[in-house]
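Novice: Sharing a structure with you now.
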Amino acid sequence: MNPALRALKNTIRKDMRQKLAALTPDEIKRQSAMVTEKLLNMPAFETSQNISVYISMHGEICTQEIIKTLLDQKKNCYVPRCKGPIMDMVKIESWDDYLSLPKNSWNIPEPTQDYPRENALETSRGLDLIVMPGLAFDRTGTRLGHGRGYYDTYLIKANEYNKSVGRPPVATVALALMEQMVDTPLPRCETDINPEQILHP
């Protein structure tokens with residue numbers, strides 16, 4: 001990525017983080033309920049059995065109800081686990097399992113590295129659907145993440161794995177607060193991968 005593009009992305013990230021920090025928990029909860037309902041009624045969600053979903057932090061659509069629904073419906077629920085530049089999706093077994101996850105340096109619950117868990121890309125199933133976060137989104141579908149490239153890298157890996165086990169490409173949907181939607185086109189580079197759909201209130 002050229003330095004000018006990186007600087008522009010970082011400026012947008014800084015401005016967006018300030019905007020999101022000002023949102024009240026009640027407002028995030030209100031918008032999250034609307035977006036959660038949209039997601040749960042999506043055909044791609046209803047027909048998927050193997051779903052990965054991010055664990056939310058302040059300034060993102062809250063995913064607790066989504067995770068609880070996945071577990072209640074006996075779907076296979078996978079959440080991010082990061083080690084350095086590598087992100088994997090590992091399975092959580094129950095609501096109690098989710099509630100017991102320790103918080104990482106971002107203050108987000110995350111499975112520990114030393115506890116053995118099923119890796120979504122080490123099964124015969126792969127993933128059907130990835131529910132992803134983002135920092136900002138534009139009206140053309142471009143997603144701006146936090147800058148570490150976790151999801152761009154993981155989507156390539158997940159689709160390569162699905163192909164190797166005879167599964168279709170993984171479906172992708174991003175969840176956004178209204179404040180994360182911008183009218184001005186966001187900068188992007190050749191390694192950025194857009195979600196197939198963005199759900200917002």
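Every residue gets a Cβ built from N, Cα and C, even glycine.
Pasting the feature list from TrEMBL:
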- Lys9, Asn10, Thr11, Ile12, Arg13, Arg143, Leu144, Gly145, His146, Gly147, Arg148, Gly149, Tyr150, Tyr151: ATP binding site (BINDING)
- Ile55, Glu60: substrate binding site (BINDING)
Novice: On a count of neighbouring CB atoms within 10 A, which of the binding-site residues Lys9, Arg13, His146, Arg148 is highest?
Specialist: Lys9
Novice: For a quick check of understanding: given the listed ATP-binding residues Lys9, Asn10, Thr11, Ile12, Arg13, Arg143, Leu144, Gly145, His146, Gly147, Arg148, Gly149, Tyr150, Tyr151, what is the maximum Cα-Cα distance in angstrom, as an integer?
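Specialist: 20 Å is the greatest Cα spacing among the residues binding ATP.
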Novice: Cα-Cα, whole number of Å: Thr11 (ATP binding site) versus Glu60 (substrate binding site)?
Specialist: 19
Novice: Quick one: pull the CA-CA distance for Tyr150 (ATP binding site) versus Ile55 (substrate binding site), whole Å only.
Specialist: 14
Novice: Count the other Cβ atoms sitting within 10 Å of the Cβ of Leu144 (ATP binding site), across every protein chain shown.
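Specialist: The Cβ of Leu144 (ATP binding site) has 20 Cβ neighbours within 10 Å.
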Novice: Specify the count of other C-beta atoms within 10 Å of the C-beta of Glu60 (substrate binding site).
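Specialist: Neighbour count, Cβ to Cβ under the 10 Å cut-off: 20.
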Novice: Non-local Cβ contacts of Ile55 (substrate binding site) (under 8 Å, 6 or more apart, same chain)?
Specialist: Thr63, Ile67, Val79, Pro80, Leu101, Ile108, Pro109, Glu110
Novice: Please work out which residue of Thr11, Tyr150 has the most C-beta neighbours within 10 angstroms of its C-beta, and give that one of the binding-site residues.
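Specialist: That would be Tyr150, with the highest Cβ count within 10 Å.
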